[in-house]
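Annotated features, as they stand in TrEMBL:
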- 1-344: region 'A' (REGION)
- 28-185: domain 'Histidine kinase/HSP90-like ATPase' (DOMAIN)
- E35, N39, D81, M86, 100-102, 125-130, T175, R344: ATP binding site (BINDING)
- 345-560: region 'B' (REGION)
- 561-638: region 'C' (REGION)
Amino acid sequence: MSNQAETLEFQAEARQLLQLVVHSIYSNKDVFLRELISNASDALDKLRLATMVDKDLVADTDDLHVAIEVDRDARTLTVRDNGIGMTRDEVVGLIGTIAKSGTAELLRQLRESADARASQDLIGQFGVGFYAAFMVADRVTLLTRKAGETGGTRWESAGEGTYSVEGVDEAPQGTSVTLHLKPADTEDNLHDYTAEWTIREIVKRYSDFIAWPIRMTVERPGADGAEATSEVQTLNSMKALWARPRDEVDAAEYNEFYKHVSHDWADPLEVVHMRGEGTFEYEALLFLPSHAPLDMFAPQGRRGVQLYVKRVFIMDDCEALVPTYLRFVKGVVDAHDLSLNISREILQQDRQIQIVRRRLVKKVLTTVKDLKANHPERYRTFWTEFGTVVKEGLIDDTDNRDTLLEILSVASTNDPAELTDLAGYVSRMKDGQSDIWYATGDSRATIENSPHLEAFRAKGHEVLLLTDPVDEVWVERVGEYDGRRLRSIAKGEVDLDTDEEKQQAETEREQQRQEFAALVEWLGATLADSVREVRLSSRLTTSPACVVGDAHDLTPTLEKMYRAMGHEVPSTKRILEINPGHPLVAGLRKAHEQGDSSETLTETAELLYGLAVLAEGGELADPARFTRTLADRLARTL
Ligand SMILES: Nc1ncnc2c1ncn2[C@@H]1O[C@H](COP(=O)(O)OP(=O)(O)OP(=O)(O)O)[C@@H](O)[C@H]1O
Ligand SMILES: [Mg+2]
């Protein structure tokens with residue numbers, strides 16, 4: 001090997017990539033340090049492996065580490081490792097060319113895509129790696145010696161078309177990369193990378209969990225004129241808990257780590273620690289918090305899962321890894337085979353990431369299922385805090401719908417305090433009951449006092465009481481559980497009588513139908529602006545009237561929700577059901593028969609309708625008119 005200096009040209013693709021790195025793609029220049037540290041860490045891993053495989057390899061592995069050195073006067077920053085190093089040929093091959101397949105094609109696309117954002121996405125498909133150094137330096141020198149060899153190699157380039165390589169007789173084991181820094185330019189996001197605190201922060205942010213110590217010598221001014229001192233500090237914590245086997249991590253360590261990633265003050269409710277092997281390796285350490293964050297329902301609320309690639313921090317709030325309905329899950333996913341530079345957009349489409357996401361979701365849900373079966377107290381905490389959000393999953397995560405329905409708990413008329421699950425409801429269903437009944441409303445109290453519930457109460461049929469806005473949506477979407485229809489007590493015709501009871505009641509019904517036919521017809525015409533039909537009810541026992549929808553109608557709550565979201569929704573007229581057994585209805589029939597003044601009669605009809613709307617917790621179109629009429633009417637009774 002000759003020690004002669006040579007000037008070589010970068011391979012064409014490498015030159016183009018360099019151009020891109022330096023001039024366009026990255027607004028966040030700080031990541032250059034992450035790239036260099038990641039390379040150094042790889043080099044240390046490789047050396048350790050090499051000495052294990054090859055017992056004859058002469059290399060010093062006593063103190064493997066990364067060192068960051070700064071020369072403020074010369075404005076240089078050096079990242080040094082005592083890892084595997086490179087031979088001259090490797091330097092030329094690895095640094096001077098881009099070996100990755102498909103790069104040429106990618107670069108062609110990049111050149112052709114005029115818009116900057118598309119370029120960002122494309123570039124996310126491979127790492128810019130070592131070349132990131134040229135974002136912050138106008139000259140880079142690399143000195144390296146391959147473990148087991150005596151001579152080293154010096155490489156230098158200004159990142160323009162060429163580089164020089166020469167052999168050197170002596171070089172320390174491993175690689176050092178020295179950046180001759182560009183002047184700081186904060187407007188261009190170029191910080192002063194000789195400043196201790198800048199370096200410290202970048203290392204903490206991106207490289208904290210790197211498995212090797214990252215050291216730096218720091219200067220401290222002496223107190224009261226004493227001499228300045230310097231000491232070597234390790235900047236990273238190295239504690240990548242997720243990479244350790246589960247049985248070697250204790251609860252206190254998990255808790256501490258949780259607080260670190262979540263900024264929560266309380267301990268987590270549950271730890272989910274998993275690893276995937278095979279074609280796509282990853283580790284995941286996720287946590288179910290013990291309380292909901294304040295921004296859980298904020299439109300821009302963040303998700304809590306961070307993405308790492310081989311212990312290098314890539315991004316916060318990685319939406320590609322968890323669906324919105326698990327946005328409260330906190331933790332870390334470390335995927336081994338991704339590019340450090342991968343963009344959010346690419347991640348969303350990455351097949352491997354989609355597989356990981358599916359596994360994470362399954363695992364989180366089975367964890368909750370397990371809590372429900374074995375730790376009811378903790379499950380209850382979980383459901384109280386996050387149930388509302390988890391229910392969003394029932395709307396569009398059809399893959400996991402069954403599991404979601406298993407972990408679901410809702411209030412029910414069965415018990416005033418305890419929630420029930422659907423299996424519990426089914427086990428208590430009456431003989432001959434084929435549907436699962438539910439009622440929706442703003443609060444448990446409103447629903448319980450709603451006239452719709454009367455017949456169910458009279459017959460002793462259990463009804464699920466759903467009070468979250470999202471409930472309206474998922475019950476519609478899900479439609480059935482365990483082969484039984486989920487049916488609203490406020491929609492369609494309700495007939496809870498058995499066939500026998502029906503037969504008995506039939507004559508009475510028929511008679512009522514005839515007696516009330518004229519009133520029903522008149523009411524229908526009189527209230528035509530408010531309801532689309534009037535009919536006799538079989539769901540009322542004590543209330544005079546109620547309003548119901550057709551099986552496929554939007555409920556008033558849903559209508560309100562859609563409007564709040566800015567959708568145009570025509571308002572649906574509903575059906576007024578009247579109770580022939582109620583004195584008010586019976587009296588109204590008599591008055592109508594006798595041909596009472598139509599004005600008073602119309603007022604009574606409007607009052608009857610208003611009462612039905614109020615009873616279900618609804619809103620009147622004209623409350624002032626309603627109260628005025630009612631007050632007049634009351635005054636006349638005194
Ligand atoms: N400190 C180092 N010690 C030994 N080899 C190095 C070092 N830095 C870079 N290399 C070699 O140069 C190659 C190119 O580095 P670069 O960072 O550009 O890409 P990468 O690390 O392979 O991939 P990426 O950084 O995109 O994940 C590395 O694969 C490695 O073989
Ligand atoms: Mg790299």
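Backbone N, Cα and C atoms are what each Cβ position is placed from, and that goes for glycine too.
Taken through DSSP, the region 'C' (561-638) splits into 48 helix, 5 strand, 25 coil.
For D81 (ATP binding site), the same-chain residues that are 6 or more apart in sequence and have a Cβ closer than 8 Å to its Cβ are A40, S41, A43, L44, L64, H65, V66, A67, G174, T175, S176, W212. Averaged across the region 'B' (345-560), pLDDT in this predicted model comes to 91. By the rule that a residue counts when its Cβ sits under 6 Å from some atom of ligand 1, the binding-site residues D81, F130, R344 yield D81, F130. Around the Cβ of R344 (ATP binding site), a 10 Å sphere holds 16 further Cβ atoms from the protein chains shown. Neighbour density at the Cβ, taken as the number of other Cβ atoms within 10 Å, is lowest among the binding-site residues E35, F130 for F130. Under the DSSP three-state reduction, E35 (ATP binding site) is assigned to helix.
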